[in-house]
Amino acid sequence: MLSSPKLHESVFSSGSEFRDGDSKLGSRFVFSAAADDDVNVERDASAMSVWRRLAHVELTALITVALLYGIALVSTWLLSLVVRVHVHQFPSGALTPMQLTAFTLCFFSIGLHVSNFIFTWLRCTRDAVAATRAACEVSVYLLLFFVCDRTALLPRRPCVGSADFFLFLIFAFVCAALATARRIRLSSHAEVEHARAGLLPSAATPTPSTGPELQASEALLNHHHVEEWLGWVLVLYVMYGYFHNVHINVLVRVCVSCFAFLTAFTSYVRYDSELPQQQSAVLLLRSLWKMNFLAVVTCALMGNQYMLYPICAVQSFVMAAVHLMMSVGPLMRSGSRVVGMKIGAVVVLGCVLWDTPFSPEVFRLFWSPLYWLVRYDNPVVGVDPLDEWQFRSRLDHWIWLVGVLVANRASFLNGLLRRLDNQRPVGTVIKCAVAAAAASVIAVYAYVALKTRAVDYDRYVPYFSWAPILAFVALRCVFRTVRCFYLPLCTFFGAFAVEAYVAHNHVFLATTGLNGGPLYTLHLLPGDHPLCDFGVFALLLLCVSYRLSIATPRLRQFMLPFNASLLTVLENLVILVLVVMCTYLLQYLWYSQNVRATTY
């Protein structure tokens with residue numbers, strides 16, 4: 001389907017442009033929908049290349065690096081002692097070995113960046129220095145998460161519902177987004193090729209487009225459409241959590257299903273490009289890194305379990321499932337019969353795991369090898385640790401297949417839309433009928449959902465969430481005039497959706513503690529000024545998320561270079577795992593000795 005190897009990553013992935021010199025790294029991200037595969041960086045700046053350079057540098061540089069690592073260890077141990085002594089300022093309790101490991105690596109990254117002269121001695125490339133600067137920036141924001149959420153420095157209050165202000169904000173956001181409407185324009189041949197496949201790479205400076213370029217910009221669910229979709233869904237999701245609007249919880253479930261749909265859609269388009277198997281594996285690793293890196297390091301530093309961020313877990317499952325499905329019979333990826341057989345096999349597996357009387361037992365057996373990853377020990381309700389993952393995965397276990405089907409028929413649908421555009425007035429009548437039917441489906445679904453109890457809704461949503469999603473796709477794409485425009489304000493928010501999703505739990509809201517949900521709002525200003533506090537922390541969330549969306553692609557490109565072989569990527573990951581394991585071992589030994597001394 002795609003003719004260029006520079007493809008998009010799935011929703012919650014990021015596209016970016018790395019400009020030469022000291023200019024900024026512009027980020028164009030999709031919450032499961034676009035990669036930074038066009039990043040122009042030096043390809044020798046991998047972790048393995050830096051590791052090999054260490055064998056040829058001066059002894060002074062190595063001693064300095066070791067000294068910085070030792071300082072990071074000592075700083076972490078001192079912090080641990082402070083946490084133990086000042087219990088009232090750190091209500092979550094003593095730091096675990098994994099938290100100590102995360103703090104050590106954060107302090108070490110900050111130390112490396114502060115001592116930037118070391119990299120002159122090591123003769124590392126400019127991109128290695130940029131990656132260290134990005135690691136330092138990520139570390140600073142992680143420490144900010146800890147200060148806001150795990151200390152008593154900032155007062156907090158329970159989230160209080162405010163339906164009027166919530167609706168006002170959504171109305172204001174919609175008006176502002178519509179005011180920024182802009183026609184989609186392509187600026188390069190590569191963008192035209194991507195758009196013909198249904199996606200676009202990172203946006204560049206708009207230039208007028210005519211002929212084939214204009215047709216390509218009208219593709220079904222192109223890059224701009226997906227980022228726009230992610231942007232307004234993200235705003236709705238974050239505002240829903242802040243104002244605790246439980247009465248629209250059933251509608252937010254559909255928003256979460258949108259993420260799974262878009263992830264499957266873009267993942268299928270990417271793997272349908274006839275790439276070599278090794279390159280597909282590298283793309284999968286890059287997608288999983290983008291989706292999970294921030295969530296994993298945040299879990300490590302905050303002492304949480306991975307399932308506290310269920311959207312990341314579900315999207316990762318969808319990415320891996322699409323990759324596995326496309327890897328079977330790689331020479332027959334696009335054939336309708338072959339795809340139908342693959343989908344049929346997945347349907348059977350889905351029924352066995354989620355839709356039969358014996359599904360709970362089969363589900364636990366199937367996920368037992370990854371029990372350590374998908375378990376969630378609820379601090380409020382004593383339930384089976386796998387119940388949370390079973391519940392979350394069941395909600396979206398069919399909608400991602402709908403995304404695969406839409407992606408598989410994207411070429412046919414694009415051709416159908418072009419025929420309807422050219423057949424007037426019959427085509428106009430058909431499009432009006434489709435739009436009216438789609439609007440009716442959305443209205444009826446919203447009415448029925450709001451009248452249904454949450455427990456009953458959760459039981460049926462896996463089988464009906466496709467209806468409003470496909471209806472929205474029809475409304476968004478059936479008319480050529482609407483299809484040719486996008487909302488830059490929404491795409492701006494969609495560009496850092498995964499970062500905002502993780503960060504809003506710790507700098508926009510506050511959790512109840514270890515593995516706790518975000519049920520509190522933070523307050524900074526003296527007195528009772530909740531709306532002013534809302535504005536302050538909303539701005540903080542915006543700035544932090546935007547900067548994280550710039551820093552994390554740099555780290556990913558450093559560890560998982562796009563054009564590198566699978567062997568090189570695996571070497572980098574092995575080195576990273578070894579560093580983390582060695583640090584964890586040191587911290588575990590210190591933690592054990594410290595606990596034993598405290599006990600006696």
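Including glycine, each Cβ sits where the backbone N, Cα and C put it.
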Per TrEMBL, the range holding transmembrane segment, considering 220-238, 486-504: 486-504
Any contact, the transmembrane segment (429-448) to the transmembrane segment (460-479), with at least 3 Cβ pairs under 8 A: yes
Range from 165-181, 398-417, 460-479, 486-504, 564-590 with most C-beta pairs under 8 A to the transmembrane segment (534-552): 486-504
Two-stretch contact, the transmembrane segment (165-181) and the transmembrane segment (460-479), at least three Cβ pairs under 8 Å: no
